[in-house]
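Below is one structure, written out as structure tokens; comments come after it.
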Amino acid sequence: MSVPHLVYVALGGALGAVSRYLIVAWVSNVAGAKFPWGTLAVNLLGSFLLGTAFVYVVEKLHGQPELRSLIMVGFLGALTTFSTFSLEAWSLMQSDQLLQGLAYILMSVILCLFAVSAGIALTRLIL
């Protein structure tokens, strides 16, 4: 791991974290805060973008280390958030909203798998 790669990860991470904050705030404002729609939205978006980045960076550009560090590890790593998803699912289930918590878990896993698959398929089709 070189210093330039760490800089790429840090830069991408900073942009991803700010993007996540803004998207979650906007979605929560629009959809309401009773259900974690904001986290679901960034995880779906991030999964789709990770699929597109995988095809472009890894398959087409043969794994350009700088772009992989900047986009896939830094930006998309900070944009998506498994730890927040886990806490929100736990919180829903602890507050007697077991069905909502389970629905959130199922939606997150299934829809994010679909999103990454769609990103890969769409990018392969375009490129």
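Using the three backbone atoms N, Cα and C, a Cβ is placed for every residue, glycine included.
Now, the feature entries from Swiss-Prot:
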BINDING   GLY77, THR80  Na(+) binding site
TRANSMEM  7-27  transmembrane segment
TRANSMEM  38-58  transmembrane segment
TRANSMEM  70-90  transmembrane segment
TRANSMEM  102-122  transmembrane segment
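Sequence-distant neighbours of the transmembrane segment (38-58) (same chain, 6+ residues past either end, Cβ-Cβ under 8 Å): 19-20, 23-28, 31, 64, 67-68, 71-72, 76, 79-82, 84-85, 88, 104, 107-108, 111-113, 115-124, 127. The binding-site residues examined here are GLY77, THR80; by Cβ neighbour count within 10 Å, the least packed of them is GLY77.
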